[in-house]
Amino acid sequence: MALKFHVLHQSKKSRARVGRIETAHGIIDTPAFVPVATNGALKGVVDHSNIQLMFCNTYHLLVHPGTEAIAAMGGLHKFIHRNSPIITDSGGFQIFSLAYGSVAEEIKSCGKKKGSSSILEVTDEGVWFKSYRDGSKLFLSPEVSVQAQKDLGADIIIPLDELLPFHSDTTYFLSSCARTYVWEKRSLDYHKKDPRHQSMYGVIHGGIDPKQRKIGCAFVEDHPFDGFAIGGSLGRNLNEMVPIVDITTSYLSKDRPVHLLGIGDLPSIQATIGFGIDSFDSSYPTKAARHGLILSSQGPIKIANQAYTNDLSPIDPECTCLTCTSKISRAYLRHLFKVHEPNASIWASIHNLHYMQEFMKNIREQILHDRI
């Protein structure tokens, strides 16, 4: 079945809302944080049963083991033994970010083009690129991307789009926006021929140009997408991103869920939740964990700091995650990081992911009480 979206409460203080998305593989309470499982696995975490929605990257799974191989094994849910909802991207983001830099390098897309680009050619038909594994030449079109996502069998899928760096000139930027919407229409048409249980979100581009964002919103509104995803360049920092997300969401109808692509750090969530964003995806908590940055109710903890050398207190006294209930102390976790013990990032990742889920639960409570 295609997803069903219900708004359970609209805040009286802002455009924030509490909702519920129903999919063939389960319920997603919104607003939701969606962790990224690049290759079908959350880095440093084995158990993802408490994660309602997980984001997997089509590009990486297309390169290895291959989406057709996954389809032959019964689809991604069966392959990774997951019974809850999955969202996949088109593969376009990875192709372009490997050439220009990642979301985090700009907030979204102001990285300079890398000297040795993986992109070989972008045409109206699609994009030719080199595999990051063996350098082989691969082609991704709207139809190829959607078929790959159908092979994977994700609950929510994304049409192919072109991600440009912040510094792109105006002429190419406008032609890219136009090409992206043609690609999205082709993606949607291909999806509608065999929708199965899947839903497709339309991606809104336009960079930091309010006029182009309005055009993008009109495009996705005028087509039967099941939800909306805010994509493209969102500026060089949080101050530039916030007004763009604000104006973009103001153009959208309230009957479909809204996802903010590639953004999910705490400051960004806090700054944009009031605009009616229903889900955020990011590798932020697991990446932070691998670098020894621990999220806590008392603020971020840089566990390598010498201050924690003899600190036997729990990482977060208010936390109920496996790490904290196992009495892992700050001193012990610091020791594990200092000696490069793999368990260090595992304990930290378990904690950070749990913290994000509890953080979003608290946000939903605040919206229900009209505090946000």
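If you go along the chain as it appears here, the first residue is 1 and each next one adds 1.
Using N, Cα and C of the backbone, Cβ positions are placed for all residues, glycine too.
In sequence order, Phe55, Asn57, Thr58, Tyr59, Ile158, Leu261 make up the list of same-chain residues 6 or more apart from Asp89 (active site, proton acceptor) whose Cβ falls under 8 Å from its Cβ. Summarising the annotation, Swiss-Prot assigns active site, proton acceptor to Asp89.
A 10 Å cutoff on Cβ-Cβ distances gives Phe93 (substrate binding site) a total of 25 other Cβ atoms nearby, all chains included. Per Swiss-Prot, the feature substrate binding site maps to Asp89, Ser90, Gly91, Gly92, Phe93, Asp161, Gly232; the stated evidence is sequence analysis.
Listed as Cβ neighbours of the region 'RNA binding' (262-268) (distance under 8 Å, sequence separation of 6 or more from its ends, same chain) are residues 33-34, 93, 103, 107-108, 231, 234, 238, 241, 280-282, 284, 295, 356, 359. Feature annotation from Swiss-Prot assigns region 'RNA binding' to 262-268 (among others); the stated evidence is sequence analysis.
Under the heading active site, nucleophile, Swiss-Prot lists Asp281. The number of other Cβ atoms within 10 Å of the Cβ belonging to Asp281 (active site, nucleophile), over all protein chains shown, comes to 23.
Swiss-Prot lists 286-290 (among others) with the feature region 'RNA binding'. Sequence-distant contacts of the region 'RNA binding' (286-290), counting only residues of its own chain at least 6 positions beyond either end whose CB sits under 8 Å from a CB of the stretch, comprise 35-36, 42-45, 300, 345, 348-349, 351-353.
Residues or ranges marked as Zn(2+) binding site by Swiss-Prot on the basis of sequence analysis: Cys319, Cys321, Cys324, His351. A helical conformation is recorded for Cys324 (Zn(2+) binding site) in the three-state DSSP classification. Residues near Cys324 (Zn(2+) binding site) in space but far in sequence (CB under 8 A, at least 6 apart, same chain), listed by position: Pro314, Ile315, Asp316, Pro317, His351.
For Gly92 (substrate binding site), the same-chain residues lying six or more positions away in sequence with a CB closer than 8 A to its CB are Tyr59, Val127, Leu140, Ser145, Leu160, Asp161, Glu162, Leu163. Taking the C-alpha positions, the distance from Asp281 (active site, nucleophile) to Phe93 (substrate binding site) comes to 13 Å. The CA atom of Cys319 (Zn(2+) binding site) is located 34 Å away from the CA atom of Phe93 (substrate binding site). Taking all protein chains in view, 20 other C-beta atoms sit within 10 angstroms of the C-beta of Cys321 (Zn(2+) binding site).
Taking CA atoms as the reference points, Gly91 (substrate binding site) and Cys321 (Zn(2+) binding site) are 33 Å apart. On a Cα basis, Cys321 (Zn(2+) binding site) lies 33 Å away from Ser90 (substrate binding site).
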